[in-house]
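Features of the protein shown, as given by Swiss-Prot:
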DOMAIN    20-299  domain 'Protein kinase'
BINDING   26, 27, 28, 29, 30, 31, 32, 33, 34, 49  ATP binding site
ACT_SITE  141  active site, proton acceptor
MOD_RES   171  phosphothreonine
REGION    345-364  region 'Disordered'
């Protein structure tokens, strides 16, 4: 049985195994608190993420289960990887991942990026997206703060809590506004992996200029700002709008012509502008893919088709439409944790046993 210790971080109780020491707060989001720690087993610095109240509602339980499944499945150099997971006696979930020193948001707010860093960061973002998309996964919330970077400029995409299956009927109001693809605002229904490419394009533009490209105050203002630069959406896109109110709003906007991005980004080299033009396209089906972006001439210094892998298997989304009670998500989550630690579930009494009585048996 693992031994647990408690620490207070920002008024939040961290209850972790003695394997992890030297807790220091790193960041806090809507769904979790992240601390850096020292892994006594490997002597490596790690990030420990506490999921806040994972079993308080079925929605949060499902979200946590989804993120756990994705972290277990996705294994790529440019995607954050899971190194440990455990449930504390208080029934909190803790994900342990590699620790990277900063994120792209912090870099962008501290200093302008030089060309070679912009190229290398964009290359790694697209390399990670190519892999994620090949697994049948859409991130849905790509933004600078979800892109982690270490002192060697290695980049990893993180925070897959909102990720979803590739689905032509995908719904929801998801990504942070500045990086949200127009098809999400226009339809709230039919969108796919192309939304991540749009977000990556917005991030690319921000790296080039040092400030957000589309800083909308709300979703109406956001869409209006997009049309000021990219022009009015084409008829093929307008035809996909499902909401009568949204259609009326779009048709009420003045007709606008697309502005040359070379005028907006006068200091950028032509190849950078050309790639950006291909990423920021209204029609998602005409938007460049992550794989195509990697092959663009702008990224030629880093492009290596033999070292840009795709996923070996598709992610299993069979659970995603399930509407289950909290106790069912608990048992499923515990099963995933036992599987991660290669523990025989029958010997641990998983079947028909309340999760909280077994949580401390997860081996570290």
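Here the Cβ of each residue, glycine as well, is placed from N, Cα and C on the backbone.
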Local Cβ density at residue 28 (ATP binding site) - other Cβ atoms counted within 10 Å: 15
Spatial separation of residue 141 (active site, proton acceptor) from residue 28 (ATP binding site) - C-alpha basis, Å: 16
Euclidean distance between Cα atoms of the residue listed as 'active site, proton acceptor' and residue 26 (ATP binding site), Å: 20
Integer average pLDDT (0 to 100) for the domain 'Protein kinase' (20-299): 89
Separation of alpha carbons, the residue listed as 'active site, proton acceptor' and residue 32 (ATP binding site) (Å): 16
Cβ packing number for residue 34 (ATP binding site), 10 Å threshold: 18
Collapsed DSSP category at residue 26 (ATP binding site): strand
